[in-house]
Amino acid sequence: MSDLVSESRLKASFKDSGIAALITLALSFMLIGMRTEISIGGLAVDYRWAAVAITVVVVFAGRMLLNMYVWRPETPRTVTFRTVLLGLSILAALVIFYLVDRFLGAVAGLSPARAIESNDWLWILLLLALAVVAAIVATALLGLAEKRAAPTGPGAAASIKAGLAPLGKWLPLALGLLAVAVPFILIEWLGSRGSRQYLDLAILVLTYIMLGWGLNIVVGLAGLLDLGYVAFYAVGAYSFALLSQYFGLGFWMCLPLAGILAACWGMILGYPVLRLRGDYLAIVTLAFGEIIRVILLNWYDFTGGPDGISGIPRPTLFGIEFDRGDDGFAALFGLQYSSIHRIIFLYYVILAMALVTNFVTMRLRRLPVGRAWEALREDEIACRSLGINTTNTKLSAFATGAMFGGFAGSFFATRQGFISPESFTFIESAVILAIVVLGGLGSQIGVVIAAVVMIGGFEFFRDLQEYRMLVFGLLMVIIMVWKPRGLISTRKPTIGLKRRTGISADMVQEGQG
Amino acid sequence: MTRWKENPVLTVEHLTMRFGGLVAVDDLSFDIGRGDITALIGPNGAGKTTVFNCVTGFYKPTEGRLTVRHSSGDSYLLERMPDFEISRDARVARTFQNIRLFGGMTVLENLMVAQHNPLMSASAMSFAGIFGLGRFRRAERRAVEHASYWLDKIDLVERADDPAADLPYGDQRRLEIARAMCTGPQVLCLDEPAAGLNPRESAELNALLMYIRKEHDTSVVLIEHDMSVVMEISDHVIVLDYGEKIADGTPDAVKSDPKVIAAYLGVADEEVELVEEEVGL
Ligand SMILES: Nc1ncnc2c1ncn2[C@@H]1O[C@H](COP(=O)(O)OP(=O)(O)OP(=O)(O)O)[C@@H](O)[C@H]1O
Ligand SMILES: [Mg+2]
């Protein structure tokens, strides 16, 4: 009996895997099999049939394994088992791919052969270690999730949660103190020369945290899916750059103006599009983001087009410049001149801006307007029945988010000293949105964690070259499988009669506007 | 007999609502008396919810005039106002046939959202609020007190800090009513508030509605299928069938109206006596 079953399953799996292999063949025929190479006198096509063969075989084998052991098991497998298997197989594929590319490159015609270097083994070990860690973490967490799902009284999960509660309270404060201390720790540790790179990274991370917090107002609180957030970042950056170019205004003068202009743009763009909902809103905001970029790119006389704008003034400390001059920062404070001073100053500027963003957002959440945003995310029709002007409420969310985007944009401009439309592509919007979604919609601390992991991690693993994309894709898949509502998915009530306990994400709506 | 015509809080005149070829409400006129509990009844699909949607601005009526007169003397023409203004200015609040609470927000937050407009002006469009000015803090404290008052009335003080989606069905119904009451309405429209309630919850609901009528300057209009509820608490009953009014009067008068019985039993007028004999009425 069971023989019969397994035999028919073998047949079905074989057929299914065959189809998958055929589809792969059809797809990889052009995508992998041929490659244009620059050769003398033009382009030449380079054929890589071995690579196609490897791809087809891998897909067939992988599909076969999935068919046999994962998708149609005789005994129902637990979530844990399936996820671990999934994670492991993705990582295995990654390792295989890496190995093939690195060592069998010549055989497969994928890339020129390279000698095995000692640090290749390091990377392989690292990947394997990552696989093991991912599997362990996934097992542990899914085990917890299963226990929590089973109604067996306060189990291990509950006690762990209770244990973590004080952490939630002190974590923001600890992170804040750490953020203030970062420049000193780095300089103490690495010296002013060695720490420069890390301080730059920290500034970048903080910029994304600020952008994440800004977008969180729109997406996390008001539930409006905005795929064109980078447009406001661009408006902020260009407002400052153009104001300084045409009117010679400085950073501190332009900062509020940039925010106000971005907020105005938010309203102008928001007014026509906010009657759309869900996917339509997402598409239109995406288009608006691109429109702004294309205008910046093509209005050559005004914005410099693809050449961008250079020579954007640096921020000053109450009028004191960070330069070598006699009235520069170093001279006035009796210090040896060092370019690190300005970096540290920039770090504190963005830290302060980010903290203000956070403070204002937290405050707004507890005001009627913030509650109306969240109510809008929960149920727009009910909002209207309670006398809330939903158009204005949406616009206020859009404008507030845009304003913080504009602030961040003008900081970006002053930090770089040069901007061009290239910095404001859709991928930026996607990264900011990914930070918000990974962190947990509406969660401030979640945005911090996600930004540190995504931006910081991304830069840290620069040595991994193109593989870091794979690693990050994998990380995102794991997080979305394990915590589909983001890392921090409990919502804290804005007001309490007697107590304020978190609300679990499965009750909170994501909004459809 | 026609007490409600003397001082109506809501007057509906020649209301017609068409969806393409379908006439959901057809030339309907009625008055809702101030301080009354008025029941709007009728078979499924009679157009009751559509009337509510027209009154509260969720649908723009094809034809007709809807007038609300406040006890202060102000009057509003609802057919010209967008839905949120009807709640904010004309003070008509409503609940929904399928409950629409803010499930991920706490019970107290639900009631705070309902006081959005007064709180918004107290926070000076948020600017006073951001800096935590005293005026806003006082307004917020008053709002919490107001919410606590209603929580006490619906017996949910203990659950104030739980998410609304966590409440049992009957509590959710009452919370939705309390939330509507937090807007300080002149007219409260309840769409099948007793649907799905057990007899005890149903009795609690009746008590709540009687309390609202007695203590607040709010007139209640409710859609209801449960005749025992209708007969027990309403002062005035309006019966709809296929979008038309077939009866309008006191509960007793409506109860014995052959047209109403015919509509509910689904037969023509002439056959009513026959059917009544058969079923032993
Ligand atoms: N938005 C709409 N578009 C098209 N037809 C509608 C719409 N809303 C209601 N209708 C139609 O109008 C008629 C009356 O519907 P309505 O919901 O008002 O009935 P009801 O009296 O509330 O019934 P029930 O007791 O089932 O709630 C129905 O035939 C319905 O299909
Ligand atoms: Mg209905």
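Placed from the backbone N, Cα and C atoms, the Cβ positions cover glycine too.
Copied over from TrEMBL:
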type: TRANSMEM; residues: A:20-38; note: transmembrane segment
type: TRANSMEM; residues: A:50-71; note: transmembrane segment
type: TRANSMEM; residues: A:83-100; note: transmembrane segment
type: TRANSMEM; residues: A:121-145; note: transmembrane segment
type: TRANSMEM; residues: A:170-191; note: transmembrane segment
type: TRANSMEM; residues: A:198-221; note: transmembrane segment
type: TRANSMEM; residues: A:227-244; note: transmembrane segment
type: TRANSMEM; residues: A:251-274; note: transmembrane segment
type: TRANSMEM; residues: A:280-300; note: transmembrane segment
type: TRANSMEM; residues: A:345-364; note: transmembrane segment
type: TRANSMEM; residues: A:395-414; note: transmembrane segment
type: TRANSMEM; residues: A:426-455; note: transmembrane segment
Checklist entry - Should the transmembrane segment (A:395-414) and the transmembrane segment (A:251-274) be scored as in contact, given a threshold of at least 3 Cβ pairs under 8 Å and pairs 6 or more apart? => result yes
Next on the checklist: Can you work out which residues elsewhere in the same chain, 6+ from the ends of the transmembrane segment (A:198-221), have a Cβ less than 8 Å from its Cβ atoms?
Outcome noted: 179, 182-183, 186, 190, 229, 232-233, 340, 343-344, 346-347, 350-351, 353-354, 357-358, 361, 364-365, 370, 373-374, 377, 397-398, 400-405, 407-408, 411-412, 415, 431-433, 435-437, 439-444, 447-448, 450-452, 454-456, 459-460
Next on the checklist: Give the nonlocal contacts of the transmembrane segment (A:227-244) in its own chain as ranges (CB under 8 Å, at least six residues past its ends).
Outcome noted: 211, 214-215, 218, 250-251, 253-255, 257-259, 261-262, 265-266, 269, 282-283, 285-293, 296, 302-303, 309, 312-313, 401-403, 405-410, 412-414, 419, 421, 423-426, 428-430, 432-433
Next on the checklist: Give the nonlocal contacts of the transmembrane segment (A:251-274) in its own chain as ranges (CB under 8 Å, at least six residues past its ends).
Outcome noted: 224, 228, 231-232, 235-237, 239-240, 243-244, 281, 284-285, 288, 292, 313-316, 391, 394-395, 398-407, 409-411, 414, 513
